[in-house]
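Read the structure below first, then the notes.
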Amino acid sequence: MDKRSTQTKVKVVVRLRPCLSTSEKTFVSVVGNKVQILNHRNIEENLQYEFNTVFDENSSQAEVFSTSVEPMLEKVLQGQNVSVFAYGPTGAGKTHTMLGMTSDPGIIPRVIQSLFEAIEEKQASALNGNSNQAPQFKVTFSYMEIYNEKVHDLLVSGHQDLPIREDASKNIFVADLSEKSIDKYETFMNHFEPAASNRTVAATKLNKYSSRSHTILLLKILRREPDGKEMRGKLYLIDLAGSEDNRRTGNKGIRLKESGAINKSLFVLGEVVDAINQNQPRIPYRNSKLTRLLQDSIGGGCHAVMITNIAPEERFYYDTYCTLNFATKSKKIVNTITTHVVRPPQIEKPTATVRPIKRHSGSLPPSKPKLRKLSSSLPSLSAADPHSASCVSAAVSNDPLPSPLVRQQKAFESAIQEKLSAMEKLVENLRSTTNMKDLTASESNSPNSANKESSTPTSNKTRKSLRLSLVSVQSDDSPDVIFPTPKACKGKLTDATNLLKQRHFGPPQQKVKKQKVQYRVVEDSTSCSPLFPQSPAISRKRGSSQDFESPTTKKIKAAPHIFNNEDQAKRNTEFLELLNSASVKELQGLQTVGVKRAKMIYEWRELHGSFSSIHGLLDVPGFSDKVLKKLLRSNLVTNI
Ligand SMILES: Nc1ncnc2c1ncn2[C@@H]1O[C@H](COP(=O)(O)OP(=O)(O)OP(=O)(O)O)[C@@H](O)[C@H]1O
């Protein structure tokens, strides 16, 4: 295989979705390719982030596709790998961007349509030119989801645990899922639409149809030129599940467990990006299935486009802030692009003259007519594997049969090959029955993984704490499942399918009313995404090496109307009301307030009555000037 390498950075674009509620105020503005949000550390400033492209709330699906994704399709047809993934907090518009609706299709249907158009164009222009032969294309696809750290094939009905393979040569995680071959847009959609409805979706407080899994659509394009040259490109279209702050989603039971898996994988994604940016020798790709899957996209051999979805409503402030910081870190990552050009092995013609031999029944290879029949029943590019391709072409060629010695050798080789595949299957079966923890542990001992795997005490500690938090998950079955897995409700699947279709392939959505952008007091508990579990203010104070603001983030003077005194006074009043009425659990929802402080505030209030001012907190044991300032700053209350 010829491999040529070039280096390119991960392309990061941002898409701001429109405000969905008429009663909420917004805090994000877009100026050119910059996003501007309020600086919670200093309300007189705004933070400005610069990206390759920023799509404002009026951007159309067509615009997002044609600017960010369409130019990548030619690269796939040239034998390069491309990965497009939507990232962002829950409810920010990832599925809308990737999937969209029938009336307003997103990236996936647009990619398929453009891909087939491009293929047809290439074939037509080859025939119009000097050549009397056109290149051949074979497009196959698989569609899978990572749900609760398990990979499911969405193309088959029902959720099954499927074995995981790895491409040993490239150390890439590949889910061993069924692949469908497609020759046109309609065929693809016939498979894809019901499969998309199989995705696990449920209602949370922040999104009525929240995706509970990461989905991956993998398209493989094999192009064979008339001279036999082959190019193999892969296109990953990934809709990640959103990060979730469970104090705000109100998740319990199954939803909380799902959320734990989603947050854990996104947390590992954050660790991977940090490790790459800090040039660490080991990148913890293997700490989650998601990062193993994204290994080629982040710091690997793909062209990567990260579509960062953000929401404008005030309650999304910390999610947006953390998402923008993560996006800023991601755009520094450099991938080394490989072009996959394959020349099928040449069939060597035997040099010696071989006498025709008499055939015996049974052990001899089948007769030529039989093979011809077999090969004609295969599609023109059915042999995705170059070796099987050469086998078929060798079998139907007019070359004389090889000598008995050569045949004996071939029989011996195929017997060995069979034994090896049987052993491989056995090992795979064993691996699939092993749980992820054991799998990761055994893999980390392998010499291959030793170079990549991180086993720092910090990450172990983090993993431990994540595991502990998962153990504490409540076990009640959540009643609010809108789309139970097909396994759980085989008979009711049609209804669920229709519901999802209504949403993503259904009638056009009503236009969202445009509103005036204003600020209002954030009374909700605002917490950082799991990628940044600490309050940004705290991390900064400690001088963490993973400082959130990249050099490209600018602090600029806030426009005076954005955060006026009236707003601030209202914010302070509401904060005081919260102090005087919140339960211990609600107080814990405040930034920098843990169980201990929440209890202290609550007990002091029970003993001494309501606080007359925010300063009253200084009377509560453990609240120094410094602690109070930090609390207020991280909860966007500054005027005391
Ligand atoms: N650009 C947009 N224009 C209009 N509506 C949008 C846009 N983006 C998102 N929405 C709407 O916002 C809501 C949430 O979007 P969506 O479900 O795509 O979010 P998500 O990021 O995929 O959430 P989750 O991670 O929970 O699955 C949906 O009702 C969707 O139709």
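A Cβ is built for glycine as well, from the same backbone N, Cα and C atoms used for every other residue.
Cβ environment of GLY88 (ATP binding site): LYS94, LEU240, GLY242, SER243, THR308, ASN309, ILE310, ALA311, ASP319, THR323 lie under 8 Å away, each six or more residues apart in the same chain. According to TrEMBL, the ATP binding site annotation covers GLY88, PRO89, THR90, GLY91, ALA92, GLY93, LYS94, THR95.
According to TrEMBL, the feature compositional bias 'Polar residues' maps to 438-460.
Annotation comment: TrEMBL describes 9-333 as domain 'Kinesin motor'.
According to TrEMBL, the feature region 'Disordered' maps to 346-382 (among others).
Taken from TrEMBL, the feature region 'Disordered' covers 438-464 (among others).
Per TrEMBL, region 'Disordered' is recorded for 532-553 (among others).
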Inset, instruction - Please work out the number of neighbouring Cβ atoms within 10 Å of the Cβ of GLY93 (ATP binding site), leaving out its own Cβ. - result: 23
Inset, instruction - Using all protein chains in view, find how many other C-beta atoms are within 10 Å of the C-beta of THR95 (ATP binding site). - result: 27
Inset, instruction - Determine the binding-site residues, out of PRO89, GLY91, GLY93, lying near ligand 1 in the sense that the CB is under 6 Å from one of its atoms, and give them in sequence order. - result: GLY91, GLY93
Inset, instruction - For the recorded ATP site, whose residues are GLY88, PRO89, THR90, GLY91, ALA92, GLY93, LYS94, THR95, find every other residue on that chain with a C-beta no more than 8 angstroms from the centre of their C-beta atoms, and list them by sequence position. - result: ARG17, ALA86, ASN207, GLY242, ASN309, ALA311
Legend entry - Conformational class of PRO89 (ATP binding site) under the three-state DSSP mapping: strand
Inset, instruction - Note the mean pLDDT of the domain 'Kinesin motor' (9-333), expressed as a whole number. - result: 85
